[in-house]
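Have a look at the structure below, then the notes.
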Amino acid sequence: MNWEVEVIRKKEDLIRDTQEFLRINSVMDETTAGPGKPFGEGVNASLTSLLELGEKEGFTTKNLDGFAGHIEWGEGDDIIGVLCHVDVVPPGDGWTSDPFSAEIRNGRIYARGAIDDKGPTMAAFYALKIVKDMNLPLSKRVRMIIGTDEESDWRCVEHYFKHEEMPTMGFAPDADFPIINAEKGIIDASLLIPHRPNQAEPKAVLVSFQSGLRLNMVPDAAEAVIEGPKNEEILSSFKDMLRTTDQKGEAAIENGQLILRMYGLSCHAMEPNNGINAGILLCEFLQQTELDDAGKRFVQVVTDKFSGDTRGKKLDIDCEDEISGELTLNVGTLRYKEGQGGELGINIRYPVTAESKVIRDTFESASEFELGEFKDSKPHHVSADHPLVKTLQKVYEGQLGKKADLISIGGGTYARSLKAGVAFGPLFPGRPDSAHQKDEYIEIDDLLRSTALYAQAIYELAK
């Protein structure tokens, strides 16, 4: 069978449906949540549109209270899972085109969710459609499981697997090719910096500080509001810093308050070194000013414990292993309010052989901050000799003529929600990863190639 030819036959429909899918703003918005739409109207619209497309094509579909859904084809006791998600991270600013216009330029579709994960989700859907339309005999059911809260708390899969059976094995089209069989553990933690009263009359009061939208994104913007007789002096110093460095920002005095804004570069938290943390940058500047005691303490904790360190060395939690590499640490959100104290939202990706308890114990014994929330998603590893891995290697090597090496990532995919699950694409080796960045895109050629790989993978696993 020539899987590439089958995909080319559906090329125009695949591109059209992918664009229409991407035009739905599916950023979680709990202000519009309600019965049957727990994560807001946009996420729900994206889920229902895909389920309706599945129903139209003759698949069995199911919506589980708006938390998740599935699209199924085939018969048998065993289930092959294809785990996708329709929610996306906030687009942020600085896009060349509207992040939800799904504009095509230079052979690419640009949109939030193009590569993470709505583009690959549509590729998987068309792969299943190809298997169905070719009337290929299957001995197992193939089930696309569609999540809606992957970018936040995974409440979708938690709800789904309370009500539905676990697939025998499966893959998530939500990372890199060839095959990812190891995923680091993921910790989301909040570190609280309690307010302490000033010992003397301050010359500059940190009124507020805010940076970051999600723990799994490096913050690309930060804002500090300052009051006091030192405003003009701090403003001048800030402008000098911008003039003499390559850092980007802006500042102004409005209604007696000094507002400082710093800009960085967002990226996925799995490798914070690919971005520039605007929150930490702004704290580094503020460290040089004469802030009030409480504000100074907040800034000091950030700079002492996180400046220039994405590996947790300053916190004494750094570690690594041969399977999955180094621990990474991202300060995804930074918040401070005068009289209330501060809070840092931390995202940690730790090696598959490491113990999260060691990290928790370190945080709980720290004197600089208090540990608030601590969420831990355990590491995931599937053996290299597992039939799932062997089958996907055969598919990849057969279609592309390249060795299907096994790799590990710091990102967390739905594959870890399965007992036997791996991530399989959509990002091909050598391609830049635009996920969670402005001007996110998917190469149309890669959309087609991944669809062909998914179609054969589905058939080989379920035949």
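Numbering starts at 1 and runs along the chain as displayed.
Note: Cβ is positioned from N, Cα and C throughout, glycine not excepted.
Take the Zn(2+) 2 site that Swiss-Prot assigns to His85, Asp174: the candidate from Asp116, Asp133, Asp153, Asp220 listed for it is Asp116. A Cβ within 8 Å of the Cβ centre of Asp116, Glu151, His436, the residues given for Zn(2+) 1, is found for these other residues of the same chain: Val88, Val89, Gly113, Asp117, Asn216, Met217, His268, Ala435. Among the recorded positions His85, Asp87, Asp174, the ones whose Cα sits within 10 Å of the Cα of Glu151 (Zn(2+) 1 binding site) are His85, Asp87. Taking the centre of the Cβ atoms of His85, Asp116, Asp174 as the Zn(2+) 2 site, the nearby residues of that chain (Cβ within 8 Å, site residues left out) are Cys84, Asp117, Lys118, Pro120, Thr121, Glu150, Glu151, Ala172, Pro173, Thr413, Tyr414, Ala435. Closest to His436 (Zn(2+) 1 binding site) by Cα-Cα distance, out of the recorded positions His85, Asp87, Asp116, Glu150, Asp174, is Asp116. Rounded to the nearest whole angstrom, the C-alpha distance between His85 (Zn(2+) 2 binding site) and Glu150 (active site, proton acceptor) is 6. Around the Cβ of His436 (Zn(2+) 1 binding site), 27 further Cβ atoms fall within 10 Å across all displayed protein chains.
Separation of the C-alpha atoms of Asp87 (active site) and Glu150 (active site, proton acceptor): 7 Å, rounded to the nearest whole number.
Note: the CA-CA distance between Asp116 (Zn(2+) 2 binding site) and Glu150 (active site, proton acceptor) rounds to 10 Å.
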